[in-house]
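Peer 1: Taken from TrEMBL, the feature active site, proton donor covers A:K207. What TrEMBL lists as NADP(+) binding site is A:L11, A:G12, A:A13, A:G14, A:T15, A:I16, A:G17, A:G18. Annotated NADPH binding site per TrEMBL: A:K107, in sequence order. The feature L-homoserine binding site is assigned by TrEMBL to A:E192. Residues or ranges marked as domain 'ACT' in TrEMBL: A:352-430.
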2 protein chains.
Amino acid sequence: MQKSLIKVALLGAGTIGGGVYKLLNANSKIIEQRIGSQIVVSKVLERNARRCQELGMANNLIANSIDEIIDDPEIDIVIELMGGIDPAREFVIKALEKKKSVVTANKDMVALHGKELFAAAIKNKVDLLFEASVGGGIPIIRPLKQCLAANHIQEIMGIINGTTNYMLEKMSQEGLDFDLVLKEAQSKGYAEANPSSDVEGFDAARKIAILASIAFNTRVTVNDVYVEGISRITAEDIAYARELHYVVKLLGIAKEAPEGIEVRVHPVFIPEQHPLASVGDVFNAIFVKGDAVGETMFYGRGAGEMPTASAVAADVMDAARNLNNNVRGLVGCTCFEDKPIKPIGLTISKYYIRMQVADRPGVLASIAYEFGRYNVSLASVLQKNTLGDSAELVLVTHRVKEQNLRDSLDKIKLLDAIVHEVSNVIRVEGEDVKA
Amino acid sequence: MQKSLIKVALLGAGTIGGGVYKLLNANSKIIEQRIGSQIVVSKVLERNARRCQELGMANNLIANSIDEIIDDPEIDIVIELMGGIDPAREFVIKALEKKKSVVTANKDMVALHGKELFAAAIKNKVDLLFEASVGGGIPIIRPLKQCLAANHIQEIMGIINGTTNYMLEKMSQEGLDFDLVLKEAQSKGYAEANPSSDVEGFDAARKIAILASIAFNTRVTVNDVYVEGISRITAEDIAYARELHYVVKLLGIAKEAPEGIEVRVHPVFIPEQHPLASVGDVFNAIFVKGDAVGETMFYGRGAGEMPTASAVAADVMDAARNLNNNVRGLVGCTCFEDKPIKPIGLTISKYYIRMQVADRPGVLASIAYEFGRYNVSLASVLQKNTLGDSAELVLVTHRVKEQNLRDSLDKIKLLDAIVHEVSNVIRVEGEDVKA
């Protein structure tokens, strides 16, 4: 039942929707050669009429309602690029129930409602593909689901938010503080007027939830992810990182442990020779460790009109190929386990700690004593920037359970005669674990 | 027709074959959960009985002949890991003709006889999968065929031979010459007693032929690839590279141009900030540029027992999934074009040239005059290491057609009163092309 022409509908013609429309048109010949069918956008749901004009869409392409698309039996694939939860989720469910395969780039929706959506896809025997929801144009969903499928995935660490990667690099290169760099990123259009989704780590949290679900075969939602953003990172932290031969990155991290799945987003110090350390600008990179394959990394543009369109269009081609071969749902949802989430207090890490202390004899001893009581041992100590009777103390611990570190810091903060402030605590990742 | 158990046969139980056997056993539970069928190795063709014992294979697994496997109707998938052309090619064709899907890691066979093999797979409506033939465990074949399928691929540049990458890094870190580093690599088991396949670039040539065929939808064989190895690279070249802010790598390169497909393997200078420059040790990385996705890179272990087994086992899982869904050949051969190969003389590049010249006035003018006659213009000139009346001259050209450079150098070599030797010529790649 090879179709010579497959009709698709676009929900949303914003940046990504426009990119998909342009790409399916510009590369239509090679797409047809590669899958044996022509892909034609036959309906578009977009309220901004001017945008549709700009994209050169004929008037008869524009749908007046979602029903016009859902009820059109000739449309086989629906491409959801509206973003947000509502009404995207309702529209996707409707499309799946009408036996249409769905391609989406909507990380918010997949990270929060994946379970319901994949159940609907399976029930209706259609494809629900979402390569573009993580890492923009970088192939990562399909490699995890297929190419690395013979591995127990042990760990994923990803730079999966380009805005914060750009900002941290800028802070590092120019020694600037967070607020200044944020203003610059906003003026360049890299950060939004309300930047919290990027800088507070929520965008990365959605993406790592999606990756963790696939890697560990258990449903991880955005609500399971422990999240810290980069707004507390200062120029001082970045300068110390460099002095200690680390680079500061915002990472999404997911690991499997006997106690459950670790899944978190926060700034880290990673060694300057780690493959993720040299990922600059707005690029993304996802580092995956499997028991057979060892260390792999996937690098590219994690956002933007055409890179994201590349991933969406590839999913459309896969859905079309499956349709032609009557095998929709070939690689479906793989969350067949129900694993617990490991609480953040149980994670084990090294920590960088920067604090302001009184500059007098015995201070370090008192602090070290409290750390010792909680089994926190120190790998390195720097004391600097003495100002009046105050000194800046920078410590890096050996690997320790996070709850122990937190408890020890609570005690240390009570030493208010000698500890003026615990300025920052940043986890150290990506070093070879020596048990 | 979901089968609860799928029987596979192994041809060859050497390093990779043993790895695949171990992996299919060790991860059998997760493999079964992910595809819905148990994968069982039911026959092994391997003459080394002791090796089979070491792997813990029961005696009844060992086949006495290929026919015992080919004629067994219960075996659905044949995994060819013998390497070399004969008899691997004959056995694979036989298996395909008996409607068995084939998974192979055999780059020699695929790069030389791909056309015949894929034709047999298509004719018999079975899968012929070969992810492990390039880049070991790194997902690259499936990402090119599916994830980036909506792109016109413009360029592939890959570190696809770990041995030479290790050797060049060692030469660079320790300032050692080629012969010494080769001996060390041989003693570590990284290079073979007869190292020519690695160091002369033939191994990389097979892999870039396979990648180019997929990327440009035209059959490129190993015989189409222009090849230079690394045996002429000296410690001096590497020192100059560093001084000029480049790194020396052996790359497989494939580009599409109006005149045809460029496909070549040779040492290059790449800028030290290029993503490929920091790929160290025996790691591989493949940089792919597409018209929509932009720059992507795939990084990991390009060889070795378990990384390669990871790719082979993933292909077996895909073949099994396809079998269960009765869709064998879903993503088959995509060489539907017949594009010419662009001769090396027509490629355009920058060049690093190191030569020994007479140390007296007017020499540079004479050399520059010959370059000028062939439109070779110089981007930088270094003169060093004066020894007696001889000087070392290091030039980097602007972008120029290779034939022009070759013609100019032929003329310059005739200036034997002032030019003692043209010691090396290395192409410069990976810089942004400013027309």
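Numbering starts at 1 and runs along the chain as it is shown here.
Using N, Cα and C of the backbone, Cβ positions are placed for all residues, glycine too.
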Peer 1: Where does A:T15 (NADP(+) binding site) sit by DSSP, helix, strand or coil?
Peer 2: helix
Peer 1: Near A:T15 (NADP(+) binding site), how many other Cβ atoms are within 10 Å of its Cβ?
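Peer 2: Excluding its own Cβ, A:T15 (NADP(+) binding site) sees 17 Cβ atoms within 10 Å.
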Peer 1: For A:L11 (NADP(+) binding site), what residues in its own chain, 6 or more apart in sequence, show a Cβ-Cβ distance under 8 Å?
Peer 2: A:G17, A:L45, A:I66, A:I69, A:V78, A:I79, A:E80, A:L81, A:M82, A:A88, A:F91
Peer 1: If I restrict to non-local contacts, at least six residues apart, and a C-beta distance under 8 angstroms, what lies near A:A13 (NADP(+) binding site) in its own chain?
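Peer 2: Looking at Cβ-Cβ distances below 8 Å from A:A13 (NADP(+) binding site), excluding near sequence neighbours, one finds A:Y21, A:V44, A:E46, A:N48, A:R51, A:C52, A:L55, A:M57, A:L81.
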Peer 1: Helix, strand, coil residue numbers for the domain 'ACT' (A:352-430) per DSSP?
Peer 2: 23 helix, 37 strand, 19 coil
Peer 1: Check each residue in the chain of A:G14 (NADP(+) binding site) that is at least six apart in sequence and keep those whose C-beta is under 8 Å from its C-beta; list them in sequence order.
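Peer 2: Residues satisfying the criterion: A:E46, A:N48, A:R51, A:L81, A:M82, A:G83.
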Peer 1: Can you tell me the CA-to-CA distance separating the residue listed as 'L-homoserine binding site' and A:K107 (NADPH binding site), as a whole number of Å?
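Peer 2: Each residue's Cα considered, the residue listed as 'L-homoserine binding site' and A:K107 (NADPH binding site) end up 17 Å apart.
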Peer 1: Just to verify: the residue among A:K107, A:K207 with the fewest other Cβ atoms within 10 Å, which of the recorded positions is it?
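Peer 2: A:K107, out of the recorded positions A:K107, A:K207, has the fewest neighbouring Cβ atoms within 10 Å.
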Peer 1: Out of these binding-site residues, A:G12, A:G17, A:G18, which one has the fewest other C-beta atoms within 10 Å of its own C-beta?
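Peer 2: Lowest Cβ count within 10 Å among the binding-site residues (A:G12, A:G17, A:G18) is A:G18.
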Peer 1: Among the binding-site residues A:G12, A:T15, A:K107, report those whose Cα falls within 10 Å of that of A:K207 (active site, proton donor); none is a fine answer.
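Peer 2: So far as Cα distances go, the binding-site residues lying within 10 Å of A:K207 (active site, proton donor) are A:K107.
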Peer 1: What Cα-Cα separation, expressed in whole Å, is found between A:G12 (NADP(+) binding site) and A:K107 (NADPH binding site)?
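Peer 2: Per the Cα atoms, A:G12 (NADP(+) binding site) and A:K107 (NADPH binding site) stand 15 Å apart.
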Peer 1: If you count Cβ atoms within 10 Å of the Cβ of A:I16 (NADP(+) binding site), leaving out that atom itself, what do you get?
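Peer 2: Looking across every protein chain shown, the total is 27.
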Peer 1: Secondary structure at the residue listed as 'L-homoserine binding site' (DSSP, helix/strand/coil)?
Peer 2: coil
Peer 1: Mean pLDDT across the domain 'ACT' (A:352-430), rounded to an integer, is what?
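Peer 2: Within the domain 'ACT' (A:352-430), the model's average pLDDT equals 94.
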Peer 1: Could you give the Cα-Cα distance between the residue listed as 'NADPH binding site' and A:I16 (NADP(+) binding site), in whole Å?
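Peer 2: Per the Cα atoms, the residue listed as 'NADPH binding site' and A:I16 (NADP(+) binding site) stand 13 Å apart.
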Peer 1: Neighbourhood of the NADP(+) site (A:L11, A:G12, A:A13, A:G14, A:T15, A:I16, A:G17, A:G18): other residues with Cβ within 8 Å of the Cβ centroid, in order?
Peer 2: A:L10, A:G19, A:V20, A:Y21, A:E46, A:L81, A:M82
Peer 1: Under DSSP, is A:K207 (active site, proton donor) part of a helix or a strand, or is it coil?
Peer 2: helix
